[in-house]
Structure formats: C-alpha cells, structure tokens
Amino acid sequence: MTIQHFSLLNKTTRQQIIDEIHSLVLPISPLFTPKMKSGAKFNYQMTCCGDIGWISDHFGYRYSKLHPETQQPWAKFPPSLSTIIDYLKLQGYIPKNYQAQTCLINKYLAGDKLGLHQDKDEQNLTAPIISISLGASGIFQLGGMNRKDQVQEIILNPGDIMIMADEDRLRFHGFKGILKGHKRVNLTIRQVY
Ligand code: SIN
Ligand code: FE2
C-alpha cells in the first residue's frame with residue numbers, strides 16, 4: 001500500500017504556514033464556498049494557491065488559472081510550503097521531479113464535511129497527492145477503488161502529512177468532520193499536469 005501517514009510539523013512550523021496563508025494567500029485569493037453543478041453549496045470554504053486551482057461552480061469541477069470571484073491569478077505558494085515539498089523530496093517521500101503546481105486550501109468548521117470522492121480532475125493521475133492537516137483533529141475516510149468498498153477511518157492530527165501515491169492515488173476518500181476544536185485547515189498539494 002502506498003499511503004504514507006506521519007506526523008511532521010511542529011507547532012512553530014504550523015503557525016508559520018497559517019501566518020503565511022493569512023498574509024500572502026488570502027489577500028490575493030480569498031476563501032469562497034464552492035457550488036456543485038446543481039447550485040448546491042459545498043459544506044466548507046476553500047481557496048487555492050499556485051499556478052492553477054481547482055474550482056467547482058455551475059459548469060462543474062475543473063482547474064482554472066483564475067480565482068472564480070476575483071478573476072485574478074492565484075496567489076503564489078507561500079515559502080513555508082515550498083520548504084516542506086523540498087524536505088519531502090530530500091527524504092524520499094515523493095519523487096525528486098515532483099512539481100507542486102497547486103495547493104487546495106480547505107477550511108472546515110464544526111459540522112463541515114466532504115463526501116467520498118476520487119481526485120481525478122488532474123491530467124496527471126500518477127503524481128502523488130500530498131495532504132497537510134492543520135488546526136483541529138478530524139476523521140479522514142479512506143475507501144477503496146470503488147465507491148461501495150469498505151471505508152476506513154483515520155484520525156488526522158495537526159501537523160500530519162498524508163501522501164496517496166501509486167495504486168492508492170485514486171482511492172475514494174472524504175472528510176467526516178472535526179473531532180474537537182472549531183477549525184481545521186487541510187492543504188492538498190497536487191501536480192496537475
Ligand atoms: C480533499 O480530499 O480534498 C480533502 C481531504 C481532507 O480534508 O482531509
Ligand atoms: Fe480529495
């Protein structure tokens with residue numbers, strides 16, 4: 001199984017990432033509530049940074065070079081995130097030629113959740129997906145290759161890294177909700193092309 005889950009980021013590093021998101025990302029790429037094709041709202045707020053960002057609206061899911069509300073290019077990767085990517089390469093967790101092209105930033109408050117889905121809007125479905133958990137602990141759901149497969153619950157704590165690679169890159173997964181505390185932020189880093 002090519003799922004790697006480990007605790008990596010100490011409190012200082014986590015705070016640095018949060019501070020950089022507040023000072024460098026949100027002023028350029030503010031949080032928004034995505035909608036499904038039907039018009040139904042997602043149960044959390046999101047934004048992105050990087051060359052391209054994942055969005056969802058009445059046209060459906062896709063990657064876009066522009067923020068859907070400001071119509072401006074996404075904020076750049078904050079330095080602390082680039083440092084983490086470099087470290088993961090150096091330690092052999094991800095390939096040296098991995099290109100971190102986008103980071104999806106999901107913000108969940110108590111009661112917010114994300115249903116089971118596969119990440120498959122990317123042209124490149126072989127590059128690993130890197131997920132970083134910040135803030136409140138929460139319950140991640142890890143399913144199989146089919147929606148009906150058994151789902152395992154994994155607790156993600158602040159500072160945890162989860163990497164889904166190879167045959168596990170396309171597993172169904174979701175987020176059931178935060179355990180205690182009032183806010184969780186999940187960063188999903190992807191190579192789209
Ligand atoms: C996602 O699948 O996009 C996010 C999962 C999480 O919040 O842990
Ligand atoms: Fe996902």
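Cβ atoms are placed via backbone N, Cα and C, with glycine included.
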Co-listed Fe cation-binding residue [TrEMBL; alongside His117, Asp119] among His58, His173: His173
Long-range Cβ environment of Asp119 (Fe cation binding site), under 8 Å and at least 6 residues apart: Ile129, Met164, Arg169, Leu170, His173, Thr188, Arg190
Nearest recorded site to Tyr63 (substrate binding site) by CA-CA distance, among binding-site residues Asn106, Tyr108, Leu187, Ile189: Ile189
Neighbourhood of Asp121 (substrate binding site), C-beta criterion under 8 angstroms, separation at least six: Trp54, Tyr61, Arg62, Tyr63
Tally of residues which DSSP labels helix, strand or coil - the domain 'Fe2OG dioxygenase' (99-193): 3 helix, 48 strand, 44 coil
